[in-house]
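S.K.: Here it is, the structure, as structure tokens.
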Amino acid sequence: MAHRAEPPDGGWGWMVVLSAFFQSALVFGVLRSFGVFFVELVAAFEEQAARVSWIASIGIAVQQFGSPVGSALSTKYGPRPVVMAGGILAASGMLLASLATTLTHLYLSIGLLSGSGWALTFTPTLACLSRYFSRRRSLATGLALTGVGLSSFAFAPLFQWLVSLYAWRGALLLVSALSLHLVACGALLRPLSLMEDPVVGGPGAQLTSLLHHGPFLRYTVALTLINTGYFIPYVHLIAHLQDLDWDPLSAAFLVSVVAISDLVGRVASGWLGDAVPGPVARLLMLWTTLTGVSLALLPVAHTPTALMALAVAYGFTSGALTPVAFSVLPELVGTGRIYCGLGLVQMVESIGGLLGAPLSGYLRDVTGNYTASFVVAGSFLLAGSGILMTLPHFCSLVSTSKPQDRIREAVETKVSLSKEEPEED
């Protein structure tokens, strides 16, 4: 374990960024491209859209709900063995899914087993990355999460091509082989010990303090609402386009356009998050609002040009909100509590991930189209944006002191006071 007084803002941290890049691709790139399998599974099992939607929703929910387990294990054993074990679980789930004969098998394999593997990989890696960076945290996070955009661009047409060649079972078998690379990503992680770690206490003390932290709780509620609508296009956009008589490859191409815009948005937002003065939460509110508006307008577009324009807008803004969402948390709770804080946030916002896609599928079954689904999804993001405006110092013109700075001051004060105490006779 490396020992540093403060985050090094570089060094081995860039290898952690590389690891997080590939992990975000192999976790959320697969989830975002699941719409390709969604259409195939509806036809193969002759089930309603709402029931098939539970596969991705359970996977997202388990990944987020199980994040505190990954965080606690990483605090005790370090992130490296935890992430490597998660990679084995994620690959095993996809392997078993290729043998499924009922939807229940897919709920258990992709939803539960692969979801558990994702829970042990994504959150510990992002928390480890946050501890390596301070001034350039938004940029580092943005670069790491570009793996989602690049993989979404590549995976959607790739999965469609694999399905056309090997059917959905053979395609899932190959996705299992891809997921096994998470083990190599975990091997790149090196835990870092910082000065403030002894001050914040163990997991129990951190959890107690976070549950009494008002801004942290409001931030968690906001992300839960955002998460409810965020993944809807990646599950149902292809099905919506096929309702408009688009062929599958053209629909997959539009998802790739969203992915390219997402990639550009993540890098631009990561740079702006470090360059623009003031709280990062303000940027997060801006991107969340624009994402919600573009989602709500999506059903209005029927021509290819209009759909392309809204796809670009949604991709850019939804990508832009992600790196700043992860950068706000260390500013609220400090890097010493980032493992526990990020795990708790992911667990609570899993409620949104669990309910979002099935609610969208249910509205499709009731109304016969996806208009209400996208409008409701956009409304959830706009509600989350409103709550973000209640965070501390939201209207400040300059950045305020961060929790890690206050903890550092507390450590220095404690040390100086101990030196000034007279020795007992």
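Please read every residue number as a count from 1 along the shown chain.
Glycine residues also receive a Cβ, built from the backbone N, Cα and C atoms like all the rest.
Source: prediction; values computed, not measured.
According to TrEMBL:
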DOMAIN    13-402  domain 'Major facilitator superfamily (MFS) profile'
TRANSMEM  12-31  transmembrane segment
TRANSMEM  82-100  transmembrane segment
TRANSMEM  106-127  transmembrane segment
TRANSMEM  139-160  transmembrane segment
TRANSMEM  166-189  transmembrane segment
TRANSMEM  216-237  transmembrane segment
TRANSMEM  249-268  transmembrane segment
TRANSMEM  280-300  transmembrane segment
TRANSMEM  306-326  transmembrane segment
TRANSMEM  338-359  transmembrane segment
TRANSMEM  371-398  transmembrane segment
S.K.: At a threshold of under 8 Å on Cβ distances, which of 106-127, 216-237, 371-398 pairs most often with the transmembrane segment (338-359)?
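M.R.: If we count Cβ pairs closer than 8 Å to the transmembrane segment (338-359), 216-237 scores highest.
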S.K.: Can you tell me which parts of the same chain pack against the transmembrane segment (280-300), counting only residues 6+ beyond its ends and a CB-CB cutoff under 8 A?
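M.R.: Non-local partners: 138, 219, 226, 229-230, 232-233, 240, 265, 269, 272-273, 306-307, 310, 313-314, 317-318, 320-321, 324-325, 327-328, 331, 369-371, 374-375, 377-382, 384-385, 388-389, 391, 394.
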S.K.: Determine which recorded stretch among 82-100, 216-237, 371-398 has the most C-beta pairs below 8 angstroms with the transmembrane segment (106-127).
M.R.: 82-100
S.K.: With Cβ distances under 8 Å as the criterion, find the stretch in 12-31, 139-160, 371-398 that has the most pairs with the transmembrane segment (166-189).
M.R.: 12-31
